[in-house]
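Below: one structure, written as structure tokens.
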């Protein structure tokens with residue numbers, strides 16, 4: 001592992017220190033070259049390629065092309081182009097009727113080479129007096145009756161605080177809405193009397209339950225807020241979780257949001273229903289993320305659509321630049337703290353028993369949200385990537401978002417937005433900007449995938465054999481002509497057919513050692529100055545076996561990768577003399593028991609009724625007397641041997657040398673020691689038992705998974721049952 005880590009670090013360091021690199025490939029045009037990598041450039045110089053070279057050599061780094069004689073003016077290497085537009089300058093505060101400008105630039109057009117990143121400097125400056133819209137969304141279930149009485153007189157105080165925290169110049173507007181829950185079982189008691197009067201106390205004013213009601217659109221008239229809220233009454237429902245997410249989804253729609261900081265205050269003392277809970281009331285259609293308010297500003301599809309998921313709500317709030325503030329009681333703080341982690345630019349504050357501290361809570365939450373600037377972008381296609389840095393503390397590391405904390409009013413910060421196109425794409429636009437603000441920078445991206453070589457038009461260019469025009473240093477041939485200089489008449493064949501004739505076994509064109517011209521390989525020179533040859537340039541005379549650092553041992557010549565030895569030599573490197581001198585003992589070669597090959601004895605082995613001499617044993621070994629016996633009886637001078645035959649059996653025999661040349665007596669033991677054959681019955685029985693055991697284990701695993709799932713669902717059901725407050729028709733509701 002340590003070796004691997006060291007090797008990777010070494011390669012990374014080598015890559016870092018090696019400068020710009022352009023990958024090699026079969027690039028036959030300038031366009032193919034520049035899209036292959038951001039460091040690749042193309043030389044448009046005429047006659048830049050040597051005889052036998054492919055046009056791909058024109059594609060390299062600028063430094064390498066200059067080294068090979070291509071001048072600066074002859075090198076094509078498109079750069080990124082950035083054009084920024086600022087319609088309005090940054091402003092420090094709101095002036096008159098015009099809205100302050102907090103980002104610069106407001107529009108950027110990029111022309112990018114694939115894989116070449118481009119950085120945009122996005123400046124953001126918090127303006128004093130930036131407009132603020134606050135929508136107060138209140139839970140009107142029965143347990144919130146004390147809080148409602150307190151909120152009825154908060155309009156002027158909330159507006160005053162909003163103006164104060166925006167520098168006294170802000171245009172603060174306030175709106176109001178309320179919610180309870182879906183008016184179907186098991187969320188609400190559907191008894192007719194309970195639908196008319198869901199409250200437990202007959203002496204308080206009470207209104208029928210509802211899903212969500214938009215009461216007051218955003219207005220700067222704080223007295224109107226007090227008047228409208230004072231007309232609201234408490235309501236009730238059955239279970240503890242409320243329809244808060246349902247209401248927030250509707251608030252993200254058409255309630256009069258302006259070009260401002262948008263705050264949504266959710267005041268509640270209980271948890272919330274979410275996607276899937278609607279199935280308890282047989283509501284199966286998912287939330288469609290649309291606004292459904294009638295003329296009386298009631299949510300009309302509360303009992304038809306399921307609650308939204310947290311992901312749906314987070315997406316809609318982000319899309320609408322709404323920053324939620326969860327003003328909740330202590331008993332559910334932990335629930336909404338977890339929700340805050342899943343919804344960007346949100347805050348949680350704890351309400352007092354009757355909401356006395358709601359104004360301070362809003363002030364603290366707004367200060368926290370507005371001082372944290374998070375820059376992000378719309379959804380992008382897979383072909384684009386965006387990364388962020390900033391000049392804020394800790395902003396030097398690239399990330400998926402740009403984050404600056406504790407940004408004060410009038411303070412300017414800079415975000416570095418790096419945009420990269422991974423390939424050639426059609427024009428695409430997206431928005432970049434700080435979360436919670438309506439101002440965005442519009443970015444439009446196109447790609448530079450063509451070369452601008454400015455070639456003078458010349459019909460029948462002599463460089464192209466009068467059959468084409470020069471484009472970026474190469475010939476663009478007329479129809480019916482092919483090749484580097486348009487010298488090949490294609491006839492009825494297209495270029496691909498001609499190129500196939502230059503490929504051996506569908507391999508590399510001319511084995512990578514030549515050019516395909518009119519379906520025939522024109523071979524390149526070798527490193528040693530000779531020329532590759534063969535139909536597909538597959539042969540050369542420089543790559544054969546060597547002996548003592550000499551090609552073919554100096555005793556032959558290399559021909560198409562193989563050594564052709566001189567008459568007196570042999571071996572794959574011509575390193576052996578054709579002589580028996582090194583194998584002789586006296587006058588006998590290998591003691592008459594083998595042959596001399598490359599100065600070494602290769603012995604002949606004898607096998608009884610097996611091996612290479614099985615069919616002509618007696619003719620191959622006429623001086624050997626073989627006798628098959630039940631017991632070996634030769635004298636003690638005989639050597640006892642054993643050998644494994646072609647059937648994998650051990651054969652025991654004794655061998656005694658007799659008088660005379662190449663004369664032997666051999667006794668072979670009749671009984672051979674063979675391995676026991678496989679037990680077919682045991683194998684089949686074991687296989688069947690193994691399959692049965694595996695099947696049984698799979699069934700047990702499936703059964704266990706089903707049991708675990710059922711147990712989990714039963715536990716969830718029991719928990720839900722404990723949370724639910726089931727009552728009879730005359731019971732008192734929540």
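Glycine too: its Cβ is placed from the backbone N, Cα and C atoms.
Residues annotated as domain 'PSI' in TrEMBL: 21-71.
For 29-451, the entry in TrEMBL reads domain 'Integrin beta subunit VWA'.
Contacts of residue 30 (disulfide bond) defined by a Cβ separation under 8 A and a same-chain sequence distance of 6+ are given as 42, 44, 58, 76, 451, 453, 471, 472, 473, 474, in order along the sequence. Annotation comment: TrEMBL describes 30-40 (among others) as disulfide bond.
Residues or ranges marked as disulfide bond in TrEMBL: 43-59 (among others).
Residues or ranges marked as compositional bias 'Polar residues' in TrEMBL: 81-91. Residues in the compositional bias 'Polar residues' (81-91) partition by DSSP class (helix H, G, I; strand E, B; coil) as 0 helix, 5 strand, 6 coil.
The region 'Disordered' annotation in TrEMBL covers 81-101.
The disulfide bond annotation in TrEMBL covers 199-206 (among others).
Same-chain residues at least 6 positions away in sequence with a Cβ under 8 Å from that of residue 404 (disulfide bond) are, in sequence order, 124, 372, 373, 390, 392, 395, 413, 415. What TrEMBL lists as disulfide bond is 392-404 (among others).
What TrEMBL records for 449-453 (among others) is disulfide bond. Taking a C-beta cut-off of under 8 angstroms and a sequence separation of 6 or more, residue 449 (disulfide bond) has the following same-chain neighbours: 31, 34, 35, 113, 114, 424.
Non-local neighbourhood of residue 510 (disulfide bond): 502, 503, 516, 521, 522, 523, 536, 537, each in the same chain, at least six residues away, with C-beta under 8 Å from its C-beta. Sequence annotations record features per position, and here TrEMBL assigns disulfide bond to 472-510 (among others).
Listed in sequence order, the residues of the same chain lying 6 or more apart from residue 488 (disulfide bond) and placing their CB within less than 8 Å of its CB are 481, 482, 498, 517, 518. For 488-502 (among others), the entry in TrEMBL reads disulfide bond.
There are 24 other CB atoms within 10 A of the CB of residue 521 (disulfide bond), with all protein chains counted. The disulfide bond annotation in TrEMBL covers 516-521 (among others).
Look at TrEMBL and you will find 558-563 (among others) tagged as disulfide bond.
Per TrEMBL, the feature disulfide bond maps to 565-574 (among others). Long-range C-beta contacts of residue 565 (disulfide bond), restricted to its own chain and to partners at least six residues apart, with a cutoff below 8 Å, comprise 552, 555, 556, 571, 574.
Under the heading domain 'Integrin beta subunit tail', TrEMBL lists 590-679.
A sphere of 10 angstroms centred on the C-beta of residue 596 (disulfide bond) encloses 18 other C-beta atoms. For 596-601 (among others), the entry in TrEMBL reads disulfide bond.
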| task | Mind checking which residues of the chain, 6+ beyond the ends of the compositional bias 'Polar residues' (81-91), have their Cβ under 8 Å from one of its Cβ atoms? | result | 100-111, 118, 120, 123, 125, 127, 412, 448
| query | Out of 199, 558, 563, 596, 621, the disulfide-bonded residues in the record, which is closest to residue 43 (disulfide bond) when you go by Cα distance? | reply | 558
| Which of the disulfide-bonded residues 40, 59, 558, 596, 621 has its Cα nearest to the Cα of residue 206 (disulfide bond)? | 40
| message | On average, what pLDDT score does this prediction assign to the domain 'Integrin beta subunit VWA' (29-451)? | response | 88
| task | Would you please pick out, from the disulfide-bonded residues 199, 453, 516, 558, the one with the fewest other Cβ atoms within 10 Å of its Cβ? | result | 453
| Could you state the CA-to-CA distance between residue 199 (disulfide bond) and residue 558 (disulfide bond) to the nearest Å? | 105
| field | Rounded inter-Cα distance in Å - residue 40 (disulfide bond), residue 59 (disulfide bond) | value | 6
